[in-house]
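Enquirer: My structure is below; once you've seen it, I'll send some questions.
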Amino acid sequence: MATKRFMTLPRHILEGEKAHPEATGELSSILLQLGLAAKLISLEVNKAGLANIIGFTGQENVHGEQVKKLDIFAHEMLIKAMDHGGHFCVMASEEEEDIIHLPPNKKIGKYVLLFDPLDGSSNIDANISIGTIFSIYKRISTGNGPGTLEDCLQPGYKQEVAGYIVYGSSTIFVYTTGHGVYGFTLDPAFGEFLLSHDNIKIPKNGRIYSLNEGNYFSWPKGLKDYIKYLQSNYYDGKPYQARYVGSMVADIHRTLLYGGIFIYPGDRRNPKGKLRLCYECNPMAFIVEAAGGRATDGKQRILEKKPEALHERTPIYIGSEEDVLLVEKFLRESREAY
């Protein structure tokens with residue numbers, strides 16, 4: 001359709017704003033700035049091998065992980081793009097140990113931004129899809145001063161907007177305000193994000209499971225039984241297919257479009273898993289639920305978990321509703337979890 005073909009991200013955001021007379025335009029402005037940051041990060045990702053920003057900086061982040069040069073570029077670019085508009089009172093990044101305050105000369109706003117600047121960055125050198133994940137809340141602290149840690153530690157259901165950007169064979173910007181999920185592909189010639197995935201609905205079930213099977217012997221029994229079940233021909237006479245990139249953004253994006261389940265469980269070595277509740281799991285759960293899917297830690301809905309720490313980790317089972325319900329059943333019946 002011609003209308004869809006030329007539906008740019010800015011136009012889509014502004015038309016959505018018209019449907020809400022009470023809207024102030026602030027969220028629209030924030031999304032437009034995020035779109036600009038995504039374009040700049042995409043440019044660097046595409047020339048990373050030529051611009052000496054592949055590889056490690058020689059430093060570790062707050063999680064003890066080696067920091068990639070491109071991680072730092074994306075982290076700094078997002079802060080520069082978002083700290084001057086007067087929309088935020090505080091920000092937090094997966095790359096920083098503490099909350100990020102706005103510069104003292106900048107206007108303080110009513111929103112909170114949490115982001116993972118470059119998810120899956122261990123794949124950079126291999127030219128595998130990576131991405132940015134972001135989450136926006138309203139502040140809950142009182143007053144007009146800088147935001148606080150409390151503003152960042154809100155349960156996921158309070159998100160105003162969540163989204164991600166995939167940097168792969170094409171650059172795709174996906175976002176939701178909780179009512180519909182929309183994807184936009186960057187046209188490199190036109191220089192704009194164009195609507196390519198309108199009102200995404202995740203299938204009720206899929207035929208793909210996505211997790212790191214190298215950790216099999218550390219899993220809870222219920223998960224082992226579930227995966228064996230999917231690999232058998234008991235399920236509709238045909239086994240599921242395994243697909244795992246190792247980049248949450250890429251794996252969730254595929255799951256969102258084709259259905260199935262993405263899993264990063266707790267195990268004997270890491271009872272709380274390895275993915276961060278605030279930066280990765282909450283925004284992805286908000287997106288997948290808005291598309292008709294489901295997200296849980298095996299016992300509790302992800303979006304109802306109250307974070308206790310900025311870099312708190314959680315197990316996650318996320319994807320098509322029927323697939324997630326089935327793994328929950330296996331976990332309950334085994335009565336073993338980490």
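The backbone N, Cα and C atoms fix where each Cβ goes, and this holds for glycine too.
Since the structure is predicted, the reported quantities are computational estimates derived from the model, not experimental observations.
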Enquirer: In TrEMBL, D119, G120, S121, S122, N212, Y244 are given as binding substrate, so which of K138, K158, K272, K274 is in that site too?
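Expert: For the substrate site that includes D119, G120, S121, S122, N212, Y244, TrEMBL also lists K274.
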Enquirer: Among E94, E95, E96, which residue does TrEMBL annotate as binding Mg(2+) 1 at the site that also has D116, L118?
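Expert: My reading of TrEMBL gives E94 as the candidate in that site.
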Enquirer: Name the residue, out of E15, E280, E289, that TrEMBL lists for the same Mg(2+) 2 site as D116, D119, please.
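Expert: Of the residues offered, the record points to E280.
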Enquirer: Look up K274 (substrate binding site) in the DSSP assignment and report helix, strand or coil.
Expert: coil
Enquirer: For a quick check of understanding: among the binding-site residues S121, S122, N212, which residue's Cβ has the most other Cβ atoms within 10 Å?
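Expert: Per the Cβ count, the most surrounded site is S121.
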Enquirer: List, in sequence order, the residues of the same chain other than E94, D116, L118 whose Cβ lies within 8 Å of the centroid of the Cβ atoms of the recorded Mg(2+) 1 site.
Expert: D71, A74, H75, S93, E95, F115, P117, D119, S121, T132, I133, Y279, E280
Enquirer: Roughly how many angstrom lie between the C-alpha atoms of D116 (Mg(2+) 1 binding site) and E280 (Mg(2+) 2 binding site)?
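Expert: That separation, Cα to Cα, works out to 7 Å.
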Enquirer: Quick check on the domain 'Fructose-1-6-bisphosphatase class 1 C-terminal' (202-331): DSSP residue counts for helix, strand, coil, in that order please.
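Expert: Residue counts in helix, strand and coil order: 56 helix, 19 strand, 55 coil.
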Enquirer: Sort out the sequence-distant neighbours of K274 (substrate binding site) for me: same chain, 6+ apart, CB within less than 8 Å of its CB, listed by position.
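Expert: Counting only residues 6 or more apart in sequence, the Cβ neighbours of K274 (substrate binding site) under 8 Å are Y264, R313.
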